[in-house]
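For reference, Swiss-Prot has these:
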- C170-C175: disulfide bond (DISULFID)
- C372-C408: disulfide bond (DISULFID)
- 139-446: domain 'Peptidase A1' (DOMAIN)
- 1-37: topological domain 'Cytoplasmic' (TOPO_DOM)
- 59-451: topological domain 'Lumenal' (TOPO_DOM)
- 38-58: transmembrane segment (TRANSMEM)
Amino acid sequence: MNLTIKEEDFTNTFMKNEESFNTFRVTKVKRWNAKRLFKILFVTVFIVLAGGFSYYIFENFVFQKNRKINHIIKTSKYSTVGFNIENSYDRLMKTIKEHKLKNYIKESVKLFNKGLTKKSYLGSEFDNVELKDLANVLSFGEAKLGDNGQKFNFLFHTASSNVWVPSIKCTSESCESKNHYDSSKSKTYEKDDTPVKLTSKAGTISGIFSKDLVTIGKLSVPYKFIEMTEIVGFEPFYSESDVDGVFGLGWKDLSIGSIDPYIVELKTQNKIEQAVYSIYLPPENKNKGYLTIGGIEERFFDGPLNYEKLNHDLMWQVDLDVHFGNVSSKKANVILDSATSVITVPTEFFNQFVESASVFKVPFLSLYVTTCGNTKLPTLEYRSPNKVYTLEPKQYLEPLENIFSALCMLNIVPIDLEKNTFVLGDPFMRKYFTVYDYDNHTVGFALAKNL
């Protein structure tokens, strides 16, 4: 049987097949578009729902505390400004990462627990790897100079008494990344040019006195400050920090040039009724703080304010008896310092405590650690005739979760200043709202609210 295929049959068949193919292709494209549309719709709905849920969580839980504090600031009859805090823990983690010390610390702890590392061999002043400025904290906020509002990030420092700012005339390399004060741009500038030079172990600062409008929050007053024209040393601490200068909140007797404190000058010029300021550090937000000038914002604390008389007008310093387990020090000099991230105690006092508390110093590092559940750790007490101020272990321990989940850093360190001198830094101020009263020569303490 012969099979004959004509050209028209081939053409007709091809046309029919092409029609079927096109119909199939259109149907497939329609289905694909429908699926794509459904996927887009599903993703859109998911994003909207997730966004709405996230907004609800942040608005009602995360931002709730910020809203409370912002409301207090806006409605307060006093001037309150917020400031940022870079604490020792943040710098510790950065240093450990840079020097790749994580495993070294973990292995050191293991050796200590096995009794293979003796306490007497845990380092000394000859340690060759230092955790830089472990005891320092940067509490920096904004203030303005001049009638044109030149902005600067200042370290608010209760143990310093001058205002220092980088000058446009500064020739040092470390000044390059900073904001500079330019007197030529301010109509309220008053020339002084008295030379200033400060020398310390960390370095030398040279500069000149100037006078201009100084503004914090809602308060402004003409005030004498120091323009830094040359900075030698203080590196890499200064150039790597977000701080431009220092805003001293101490006493006149501590200042260069015998300058009245900024807060006192505000009262002298009738800008505020009381020469007083306070510091509030939220207990659960370790990167924020608040400075209130001219009065006491009662919404930042609970219970009564207890006042202690200063033992002289050089530092914010009082006489308190210090007790730490079986170790004690009578009538100790206790200084409040907003630029200290830890509690400092004399070395002799610290060593007596360490002997019985299972605290371990990591070899060749200025780092003291212990297990977070250490039951031998006592409550640290500061006693006055009328009040006892306490810090429990949970308030002076910092979990080192990025190194070892059960390991904590001790925020109490041995530093020898003047005889029998202790410093209350960040851990104490997280628990206690603190008041600094120039008028009555006192400091006040109250339990800080967890806002």
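Just so it is clear, glycine is given a Cβ too, placed from its N, Cα and C backbone atoms.
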Distance, C408 (disulfide bond) to C175 (disulfide bond) (CA atoms, angstrom): 37
DSSP three-state assignment for C170 (disulfide bond): coil
Same chain, 6+ residues apart, C-beta under 8 Å of the C-beta of C170 (disulfide bond), given in sequence order: K178, H180, M228, T229, E230, I231
Neighbourhood of C372 (disulfide bond), C-beta criterion under 8 angstroms, separation at least six: L397, P399, A406, L407, C408
